[in-house]
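Among the features that TrEMBL reports, domain 'Fe2OG dioxygenase' is placed at 78-178. As annotated by TrEMBL, Fe cation binding site applies to His96, Asp98, His159. Among the features that TrEMBL reports, 2-oxoglutarate binding site is placed at Arg169.
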Amino acid sequence: MLLPIPDVLTRDQVNECRKIMQDAPWIDGKVTAGHQSAKAKHNLQLAESSDAAHYMGEMITTALATNLLFMAAALPGKIFPPLFNCYQGGQSFGTHVDNAIRRIPGTPERIRTDLSCTLFLSDPDEYEGGELVVEDTYGTHQVKLPAGHMILYPSTSLHHVTAVTRGARLASFFWLQSMIRQDSRRSLLFDLDMSIQQLTQATPEHPALIQLTGVYHNLLREWAEV
């Protein structure tokens, strides 16, 4: 499931992040890449331990906690602290798959990367190139969203970022471990949840709503890892 999540951050929050990133120290993006993907990764990144990364990461995770579309689609169990990158001057990231397991910095805790997230902090007209290209069973998808919007996609997907030939592409990226490990089951639960919400709005007293809600929660109970 490849899903855009609009307006995760407000315009004011985006502007605040961009101001912080202007003055923050950038390092080589290879520091968070695996052995194989490091060969293909050419970008800049904020240090994970920096105050700027911590502050903006908290802003993003707080916003996600109240985003109903994100919660319904991801069913998050653990979220990796958001990271921040910049592509400019021809920088790109070749085709790769994200590491399956990541250790949360400063802790012994590890997460399984079920879903990958890119939250755009630059608008599409501010740079040329920089498309996130995701390959799945339905083909190849090019993603370039407005600032403040996020794309959610399975971490099993092959993906790459095309070269930025003008301007700068600022973004946050991170991973999460879902309570539902299998993408097909997660997609089924999301479709069911959306159908229940639509039926609730159209016919709030429909007798099938209680049954459908029961089916949703019983499937969640059957499949969830908590």
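Glycine is treated like the rest: Cβ placed from N, Cα and C.
Automatic prediction, not curation, is the source of TrEMBL annotations.
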For this session: Count, for each of the binding-site residues His96, His159, Arg169, the other C-beta atoms lying within 10 angstroms of its own C-beta, and report the residue with the smallest count.
Result: His96
Seminar exercise, completed: All chains considered, the count of other Cβ atoms within 10 Å of the Cβ of Asp98 (Fe cation binding site) is 20
Problem set entry | Average pLDDT across the domain 'Fe2OG dioxygenase' (78-178), rounded to a whole number | 97
Problem set entry | Arg169 (2-oxoglutarate binding site) in three-state DSSP notation | strand
Problem set entry | Integer Cα-Cα distance in angstrom, Asp98 (Fe cation binding site) to the residue listed as '2-oxoglutarate binding site' | 20
For this session: Rounded to the nearest Å, what's the C-alpha distance separating His96 (Fe cation binding site) and Arg169 (2-oxoglutarate binding site)? Just drop the number here, would you?
Result: 19
Seminar exercise, completed: His159 (Fe cation binding site) and Arg169 (2-oxoglutarate binding site), compared by Cα position, are separated in whole Å by 17
For this session: Specify the secondary structure state of His96 (Fe cation binding site) as given by DSSP, simplified to three classes.
Result: strand
